[in-house]
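These notes concern the structure reproduced below.
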Amino acid sequence: MKLKQIASALMMLGISPLALADFTIQDIRVEGLQRTEPSTVFNYLPVKVGDTYNDTHGSAIIKSLYATGFFDDVRVETADGQLLLTVIERPTIGSLNITGAKMLQNDAIKKNLESFGLAQSQYFNQATLNQAVAGLKEEYLGRGKLNIQITPKVTKLARNRVDIDITIDEGKSAKITDIEFEGNQVYSDRKLMRQMSLTEGGIWTWLTRSNQFNEQKFAQDMEKVTDFYQNNGYFDFRILDTDIQTNEDKTKQTIKITVHEGGRFRWGKVSIEGDTNEVPKAELEKLLTMKPGKWYERQQMTAVLGEIQNRMGSAGYAYSEISVQPLPNAETKTVDFVLHIEPGRKIYVNEIHITGNNKTRDEVVRRELRQMESAPYDTSKLQRSKERVELLGYFDNVQFDAVPLAGTPDKVDLNMSLTERSTGSLDLSAGWVQDTGLVMSAGVSQDNLFGTGKSAALRASRSKTTLNGSLSFTDPYFTADGVSLGYDVYGKAFDPRKASTSIKQYKTTTAGAGIRMSVPVTEYDRVNFGLVAEHLTVNTYNKAPKHYADFIKKYGKTDGTDGSFKGWLYKGTVGWGRNKTDSALWPTRGYLTGVNAEIALPGSKLQYYSATHNQTWFFPLSKTFTLMLGGEVGIAGGYGRTKEIPFFENFYGGGLGSVRGYESGTLGPKVYDEYGEKISYGGNKKANVSAELLFPMPGAKDARTVRLSLFADAGSVWDGKTYDDNSSSATGGRVQNIYGAGNTHKSTFTNELRYSAGGAVTWLSPLGPMKFSYAYPLKKKPEDEIQRFQFQLGTTF
C-alpha cells in the first residue's frame, strides 16, 4: 500500500500526515533534481538509510528541504521500505542587471541584493526579490527620492534559469523649501539651522544637495540641535515633534520642528557612588572636570564618563557600567549628578589570536603588543597596542575584538584582525621638482623583509643638480628590548649651478658609510646615535663670492681662479625624539618633538657642529578640521681649527618645508658674484614657525589620500654679520652690494624674517607624496625672489 504526502497542502491546512506503521528505511530516492546533487539533498535530510521511519519524519523532511531555499515544492512518498522524494527545483539566477541608478552605485545595490541571496548562480525566490526591492525603495525614500520607481523583470531561460533586470527611475528629488522651528525663544531659526547639515534651497545647494531630504541626516541634525542647546546649559531641552509635509507631486518638502527649550542650568555637585574596587575613588573624582557655577555642558559629561570608563578598563573592569542620575533644582537652576559605578567582574585576557598576517610573522606583531596574555584586560594598553601595530606601516587596518570565554565569565580571548598592505616595491618613476626640474629614480625596497620586520633598500635618483645612490639595512629589533641597528652606504654629487636656485658657484661630491642605533627609553621616546665616515670634495669656480674662495683657500687649495677641498670627515650624530601622535598617516592629535645634533669629530679635516630642535603639535578642532602648529630652530658653527661653519653646510630657507612663497633656498644673507649674479649662501642660524588648518578634500571618496590646508609661515636664516658695498666679507668689495650703494645691512633674525600665507594640497599618490602650494608673501624686500606657486611631484631620495 502506498501513501502520498503532499507537503504544501498539508502544511497550509494544518493537517498532520496520517499515522503509519514504523518501518526501517531501506532506500531513499530523489526525483526532479536538475542542478542539485543527490548527495546535497541527503546531507540535509533528518533521516538516512537504516533509520526507523515514523509518522513525524514526513513533516521534518519537508521542512528541512524547504529551509535550504533550493526548492519550490517537496513531496514525500513511502512504499515497501523506500522513501521517494519528488522535488521541483527553484530556477537559478543567470544574470542580475541594474539600470537607471544614479544616487546609489550599481555595485552597492548588488552587494545589498547579495545579502538577500540574490546573485548570479544563486537560487531564485520571487518572495525574496519582492522583499529586496521593497528594502531598496525604502532606502531611496529615506534619501528624498519620493518619486522612486523600481521595476523588476524576471525572464525565464532554458535549463531552469532566469535573468533578473531591475530598472530604476529615481525621479526628481524632493527639495526642502522651508525649515521652521516652533517653541524656540532663546535662539533664532537661523541660528538653529546653522547646526544642521540639511538646508533650505540656496545658491550652492545645486552642488551640495543639502536641500535634499535624507532620513539619516535629519536624525543626525536633530541630535546636533539637541547637543547645541544642552552644551549651552539647557539641560532639559528636548524636541517635542517633527512634522514633514510633502506637496502633491512629491517635489517639495517643508519641515516643522517643535522644541521645548526649558531653563538654563549651571553645574551643581557631581559625585561618584558605588564600589570602584581597587581603583581609588579619589582618583576617579580627579577626572570630574565640572566646575560648580559654570553652565552645564552635555559634551563635558560625555567626556568625563569616557575617561572614567577608560580608567576602570585599564584596571581590568572591561564591562563596567555607569548610570547617571541627574538631580535638577528648578529654583536654583542648578543640576547635581550622581554617577553610580558598577564595575562588574575583573576581566583577564586568556589568549590573543592574530589573523590576517599572511606574510608578517606573529612575533613581529606580538612584540608591539602592550596587552599581554593571562594579564588583566587593560583598555589603555589595548589602545597603545593598536597604535604601535599601526605605526609599523605593514597594515591598512588593525582591529581588536574581545570574545567571552565559554564557561569562564571573567576571561576573554582577544581576536586581532589585520589587513596587510604591500611593503615591498620595485620603483621606476619620474617626478618634477620645481627648482631642480625632472627627477628620475629607481629603487627596490622591502620594509618587512621576509616578514621579519627588517627593512632593506637600494635606491638611485638623478636630477639636473643631483646624482644619488644609497644602500641601507635596518633591524628594528636588534635586541629584544627594541634597540634598532642600521647600516648605510651612500654617494652623492651635487652641482646647483645647473638649477634655477640661487645657491651656485660650487659643487660637492660625497661618498660615505655609516652605522646608526636607536634606543627606546620610554614608550614614546627614543634616543638615536650614529657614526659616519665620509669623503668630501668641494670645488668652487671662477668669480665665486669671496666668502667661498677665502674658505677654500684657507682649508683647501686653489688652482688659478678655481679652488677645491678634499678630505675625510668623521661625523657623530645624537638625537632624541618623541612621538605622541595618533596616526602615522594623518595625525589629528598629539605632538612630535625632537632634538638632533651632528658634529664633525676631531680628526676630521674640518671641525664643525650643527644642532636643531623641532616641534609639531596637532589639535582636533572637529571631526573634519585639525590645527597643526610647528616650529624649528637651528644653530651651526665651527670649532678647533675650523673657525666657522663651512659655507656648504649653511642653513637655507624658503620654499616647501620652510617659508612658502619664496624661492627655495633664497632666504638669508645674499651677495653678488663677480658676474653680477645674486647668490644666496645661507646662514648659521635658522628659525621657522608654521600654523596650518588641515582638512580632507570635500567630496573625496578616500579622505586618507588627499588633504587640503590653509597656512601661515614665518622664518628667518641669519648669521649676525654686517655687509656693505666696500667691506663685505662675502664680496670683498669687488662688486656693489645688493642692498644699495653706500648702505649696510646687518643679517639679524628680524632683518631676515619673512612670512607668507596661502593654501596647499597634499596627495599620497601611488608614485609618492605630491605637494602643491600657493602662497602670498606678506613681507617682501627688493632682493627677495618670489615664487607663489610651488609644487613637488613624485619622490626623491
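Glycine is treated like the rest: Cβ placed from N, Cα and C.
Record features (Swiss-Prot):
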type: DOMAIN; residues: 23-90; note: domain 'POTRA 1'
type: DOMAIN; residues: 91-171; note: domain 'POTRA 2'
type: DOMAIN; residues: 174-262; note: domain 'POTRA 3'
type: DOMAIN; residues: 265-344; note: domain 'POTRA 4'
type: DOMAIN; residues: 347-421; note: domain 'POTRA 5'
type: SIGNAL; residues: 1-21; note: signal peptide
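In terms of DSSP helix, strand and coil, the domain 'POTRA 4' (265-344) has 22 helix, 28 strand, 30 coil. In terms of DSSP secondary structure, the domain 'POTRA 5' (347-421) contains 18 helix, 33 strand, 24 coil. Counting residue by residue with DSSP, the domain 'POTRA 3' (174-262) contains 25 helix, 27 strand, 37 coil.
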